[in-house]
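If you check TrEMBL, you get these features:
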- B:G7, B:A8, B:G9, B:A10, B:V11, B:G12: NADP(+) binding site (BINDING)
- B:K112: NADPH binding site (BINDING)
- B:146-324: domain 'Homoserine dehydrogenase catalytic' (DOMAIN)
- B:E196: L-homoserine binding site (BINDING)
- B:K211: active site, proton donor (ACT_SITE)
- B:308-328: region 'Disordered' (REGION)
Amino acid sequence: MSDRRDGAPEGAGDDGDDATDPSPDGGHASATPSTHTVRLELVDEPGQLLAALHPIADNGGNLLSIYHERGNKTPRGRIPVEVDFEATQERFEGIVEALRSEGVNVMQAGTERYAEEVTLLLFGHLIDTDLSDTLSRIEACESASVADVSLAAPQGTEEASSARLRVEARAGETDAALAAVRELAEEKELRLVEPLMGVEA
Amino acid sequence: MKLAVVGAGAVGRSVVDLAGEYGHEVVAVADSSSAVVADGSSGRGVGVDPDAVVARKAERGIVGDADPADALAADYDALVEATPTTLGDAEPGFSHVRTALERDRHAVLANKGPVAERFGDLRELVADSAGDIRFEATVGGAIPAVSTVEDIEPGHVTAVRGVLNGTANFILTRMAAEGLDYDHVLAEAQDLGVAEADPSFDVDGTDAALKCVILANVLSFGAADGPADAREFTLDDADVEGIRDVPGSALRLAAEDGRTVRLIGEATGETVRVAPRLVPENGTLAVTGTQNIVQIETTHAGRLNISGRGAGGPETASAVLGDVGRLE
């Protein structure tokens, strides 16, 4: 949060960098830039950080600080990075959009969370019950999309096989996404191994 | 305290064996067909000889020449109920506990049946008795799960979860570590005495579910204003999935992603659920082998983890004798 409130009369003349503020008493001055914090999740490879910063600068964000938590890992083994920048609310939304369309996982922006991810296992007669139908029906569910699938069918297609799915859900809709997968698994008589949510420690 | 021990399996025998070390005296021991009762004629320190009980049980399959009813009628302060867990009416364990409470004596249970299936009935009996019940040994063996929840106060515990069955955990651990399938590892577990000849109770999740039902009762009754306001849980209220059909390939896929599968039980004051779940491979809940872990979520004290041995004669007996100490 910016601590630069509306200019108090005594201090109004000392710097002048808030001279553009047209509504000194608050109002919805969407043109006023304020400080935003986004938390990103980066793959530990050269160039990733720079690639993540471009969408911010290119969309009118004024970079303030970058906290690259190299010693830390997210539950998926990636590097969390916290970026502070100044932007108007309108531009901020564009920046988050741009980051996501560049494939950067925005874990947190302001107080909102985006792209929650869950990994789950399915096992049973995955192939006999039409795996691609299973996946497209998860995709069809509004709150979820399948980001990644790994299949293991050690005994060929006739026997029981297993799949690991990485499912992305919209902010706050992980439970709905899981419920949809659960229902689908039940219908197809597949077994679902759900993650233990919120217990990553 | 003077103890009567009903049930002469691994836990009952260990209680008989260790009671003296904890400053208690065993005045009667019963199994399903026989009993031994100390005559107590000369007053102090005339308990049952633990070595003789264990020897008779081993050699002749009986604990003494008396009738089991004599043990229930003996002059004890606390009855230790360590007969095998039964479901439904939870008999004969339930009646043993009732006899003790109606005589205004305490009862300490290692038998899950009565606390999981008839918790409300037990609470009513306790309300009319000068005696009380404790049942730490029914959840997580040596792990002080129930008393920790009570110390935090059930109203300030939002959930209790964990790995509560050593047999299932052993099987999942070995499957993941060795890349073996379920049947192979089960046979190995049976050879090692980790799994019983009929492993259903453990691998189908029933045992873990009973423990979670007991925890749900502790949370529900502990947080309610009075017993009438509490929701009672039984095994029928639990949503239970076991590990029998978890393929080795699922564990391999989990491992590729830094995860593993554990049979996790969860209890809140509203729900009970046992199912194989994905957990981080090196996470707190991914205990290995026959280890158990209990994780308690609290409103003000964060998350507590207690891991340890979830089964075994002396381990479970230590929980029983801890309960006896709390009743003094």
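Cβ atoms here come from the backbone N, Cα and C positions, even for glycine.
As the structure is a computational prediction, the values presented were derived from the model and not from experiment.
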DSSP tally for the region 'Disordered' (B:308-328), helix/strand/coil in that order, comes to 15 helix, 2 strand, 4 coil
Neighbouring CB atoms within 10 angstroms of the CB of B:V11 (NADP(+) binding site), all protein chains considered, total 27
Cα of B:A10 (NADP(+) binding site) to Cα of the residue listed as 'L-homoserine binding site', in Å and rounded, measures 14
Spacing of the two Cα atoms, B:K211 (active site, proton donor) and B:A8 (NADP(+) binding site), in whole angstrom, works out to 22
Its Cβ having more other Cβ atoms within 10 Å than any other among the recorded positions B:K112, B:K211, the winner is B:K211
Ordered by sequence, the long-range same-chain Cβ contacts of B:G9 (NADP(+) binding site) under 8 Å (at least 6 apart) are B:A82, B:T83, B:P84
Excluding its own, the Cβ atoms lying within 10 Å of the Cβ of B:G7 (NADP(+) binding site) add up to 24
For B:A10 (NADP(+) binding site), the number of neighbouring Cβ atoms whose distance to its own Cβ is within 10 Å equals 17
B:K112 (NADPH binding site) sits from B:G7 (NADP(+) binding site) (Cα to Cα, rounded, in Å) at a distance of 13
